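> Could you have a look at this structure, given as structure tokens, before my questions?
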């Protein structure tokens, strides 16, 4: 378990609720969508669970990227044993922040459908069992 700055723990001692946004449980798809790994966010979610800090999970449903059965299954698997999750909100995707990506010269992945190869590879990565195509 990662060790956080003591200031984080001090802040959490007076925190009633953390609203944590998740965009995709599959790390490879998350990296393609957002540009960075989801490991730190998921690790922090586990940390909050260990400290029993109340959490609302806000899961962004991005068409073609996080709206499939595998994504829902992974979210359920991840949160199932976390006794601190009070609510899971499914948030519809919007493009209000698109200009920020464009200003920084970054390619906006959300809003475009992933190729069949991207979806298939991301679904198979790190997930055992039957994959439906």
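Backbone N, Cα and C atoms are what each Cβ position is placed from, and that goes for glycine too.
According to TrEMBL, the record shows the following:
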type: COMPBIAS; residues: 115-127; note: compositional bias 'Basic and acidic residues'
type: DOMAIN; residues: 6-69; note: domain 'Radical SAM core'
type: REGION; residues: 109-133; note: region 'Disordered'
> For the domain 'Radical SAM core' (6-69), DSSP counts of helix, strand and coil?
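Computed counts for the domain 'Radical SAM core' (6-69) are 29 helix, 12 strand, 23 coil.
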> Averaging the per-residue pLDDT over the domain 'Radical SAM core' (6-69), what integer do you get?
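94, rounded to a whole number.
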